[in-house]
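Per Swiss-Prot, domain 'ATP-grasp' is recorded for 9-244, and the stated evidence type is sequence analysis. Swiss-Prot lists Lys46, Gly53, Arg54, Gly55, Glu99, Thr102, Glu107 with the feature ATP binding site, giving sequence analysis as the kind of evidence. As annotated by Swiss-Prot, Mg(2+) binding site applies to Asn199, Asp213. The substrate binding site annotation in Swiss-Prot covers Asn264, Gly321, Ile322, Val323.
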Amino acid sequence: MNLHEYQAKQLFARYGLPAPVGYACTTPREAEEAASKIGAGPWVVKCQVHAGGRGKAGGVKVVNSKEDIRAFAENWLGKRLVTYQTDANGQPVNQILVEAATDIAKELYLGAVVDRSSRRVVFMASTEGGVEIEKVAEETPQLIHKVALDPLTGPMPYQGRELAFKLGLEGKLVQQFTKIFMGLATIFLERDLALIEINPLVITKQGDLICLDGKLGADGNALFRQLDLREMRDQSQEDPREAQAAQWELNYVALDGNIGCMVNGAGLAMGTMDIVKLHGGEPANFLDVGGGATKERVTEAFKIILSDDKVKVVLVNIFGGIVRCDLIADGIIGAVAEVGVNVPVVVRLEGNNAELGAKKLADSGLNIIAAKGLTDAAQQVVAAVEGK
């Protein structure tokens, strides 16, 4: 679950981290009043969406008058912001952040993720702040410096100093950087985060460090014990199909293709998408119905997949281990009949009672194609999309 920038900065403030004074606003009038609270300009106004690239898309602007603040708010509130990280529809802008402008001397980067290879929280710092860190990692990886947190000791001040020295910081900036490092690490661990990022972390012309931006991603599996974070969830920023899937404990991720995929098991789902791509197709989604693929869940999965107008064919790939394939077949038949599926459905069943399940599909009289294997299934769905 992602948080907005203003929410991230609210957390920073609770942990004593330096950030510009700012207010999240939902109306042009609130935006003007926020500027008055902050004091003399210039100010920075930012669209609050769960996506990067806001500046290049016009969603961040430095303004010198309250009239400009009102104009920015009137232009963006209620609209959708399209960036390189969104789809063509963009993300809805329901709030803008008004904050004091900062005199920037230098931009740095500081962030942390859970590194699955080392099984630790790893902090990354770079002198290349203000740009996509993925681009820096690809083009100049030597400019990214890392430290891993020991799960027994947690963050240590010497690790912050080590990163500060590698960034070329001196004097009081080393102390300030170490404090920010320790604060971010504490937030990460106490709040069960999956990602934390300050890009940019700036050195002001007055010689101080300021968290100019903030990006936080919480671990959705831990929200049951992070109630205040759960209340910060903004469902307007989420794909409605993904939100609907979550209510049925279905793991759904929307993609850009036209072949709907319904699979039991995350690994098999990824493998299914790979083989569809290998045969020239484009998956429209990742959807894992899990081990309990009941008729109700399969029906809901069909509804979610078919709510995407781009879907031209549906591939159902089920491996019957714990679950019996004949019961899955009953669920598929019932779901197709109930939902009224008007696109071809290709089903591959393998494992427990697979032959009986395939026979039930063949005898159903519905527009369901029983594939003989995974390769055959991929070829069938690609052919269906191409009208063959």
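Each residue, glycine too, has its Cβ placed from N, Cα and C.
Over all protein chains present, the Cβ of Thr102 (ATP binding site) has 19 other Cβ atoms lying within 10 Å.
In the three-state DSSP scheme, Asn199 (Mg(2+) binding site) falls into the strand class. Around Lys46 (ATP binding site), the same-chain residues six or more apart in sequence whose CB sits under 8 Å from its CB are Glu5, Arg54, Gly59, Val60, Ile96, Leu97, Glu99, listed in sequence order. Taking the Cα atom of each, Gly321 (substrate binding site) and Gly55 (ATP binding site) are about 49 angstrom apart. Annotation note: Lys46 (ATP binding site) sits in a strand segment as assigned by DSSP. When the alpha carbons of Ile322 (substrate binding site) and Glu107 (ATP binding site) are compared, the span between them is 53 angstrom.
There are 23 other Cβ atoms within 10 Å of the Cβ belonging to Asn199 (Mg(2+) binding site).
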